[in-house]
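One structure is given here, and the rest of the page talks about it.
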Amino acid sequence: MSQPVKIAIAGANGRMGRAVAQALEGRSDAVVAARFERPGDAGEGLVARETALAAAEAVIDFTLPEASVALAEEAAANGGPALVIGSTGFSDEQLDRIDAAATKIVIVRSGNYSLGVNMLMGLVRQAAAALPAQDWDIEVFEAHHKRKIDAPSGTALMLGEAAAEGRGINLAKVSDRGRDGVTGPRKDGDIGFSVVRGGGIIGEHSVIFAGESESLTLSHSAIDRGLFARGAIAAAVWVKGKPPGLYDMQDVLGFKK
């Protein structure tokens, strides 16, 4: 039997850090090797970031974009460990820096680590390809808890990208994210985004295909935060032995052709 993958947890005291630690309890294929927070943060069981990186084969990181970029660059400079990044809200410049780090180490980055959402992406891509833009409008709806700081969510953007891929277009050219006041009629082919923030909503996502006489809605609801933790752990186990590069959850699940 192979040895369990040694995992370090970034942002260990956060909601997702705690969820990852809980999800690792009792597993035979992965184990907590270290827990760490931001430099200067102290707490029981926490170690310095450099100590955590040295102890781990993979780091699971649900923190903030700037922290994830710094972590990726430090890991790349040291030749590892692998990273599983679940942070969202990156700028283009930050994504470029993660891409550069992925030339030296294995990085899995995804806006959502759930099986259901990744299945939903395929359904959205298929529906978008089958339903012509002149007859069917696409709207991505998402709702999250009031503490989430980025919008649209990383998952909503993934779903928008899937819809754009299905239609063979660039999402950046058709994305409509800010409706307020007199906006005029909707443009054919636009992919709209609607956002709700409130309470303790874990994550609700729907993609609406709206025609003149009928509509189709594809949806996913997160019941508990542990599903994201379990998916990230699956990714951390999957990276073992993989060559340096940038991967996503579609790779982990074998959904890519």
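Cβ from N, Cα, C; glycine included.
Positions annotated as active site, proton donor/acceptor by Swiss-Prot: His144. Summarising the annotation, Swiss-Prot assigns active site, proton donor to Lys148. The annotation NAD(+) binding site is assigned in Swiss-Prot to Gly11, Ala12, Asn13, Gly14, Arg15, Met16, Glu37, Gly86, Ser87, Thr88, Ser110, Gly111, Asn112, Tyr113. Swiss-Prot lists Arg38 with the feature NADP(+) binding site, giving sequence analysis as the kind of evidence. According to Swiss-Prot, the (S)-2,3,4,5-tetrahydrodipicolinate binding site annotation covers His145, Gly154, Thr155.
Sorted by the number of other CB atoms within 10 A, the binding-site residues Asn13, Ser87, Asn112, Thr155 start with Asn13, the lowest. Neighbour counts of Cβ atoms within 10 Å were compared for the binding-site residues Gly11, Gly154, and the top value is held by Gly11. For Glu37 (NAD(+) binding site), the same-chain residues that are 6 or more apart in sequence and have a Cβ closer than 8 Å to its Cβ are Ala10, Gly11, Ala12, Asn13, Gly43, Leu46.
Around the Cβ of Ser110 (NAD(+) binding site), 25 further Cβ atoms fall within 10 Å across all displayed protein chains. The Cβ of Lys148 (active site, proton donor) lies under 8 Å from the Cβ of Arg197, each of these being in the same chain and 6 or more residues away along the sequence.
Mapped onto three states, the DSSP output places Asn112 (NAD(+) binding site) in coil. Every protein chain considered, the tally of other Cβ atoms within 10 Å of the Cβ of Arg38 (NADP(+) binding site) stands at 13.
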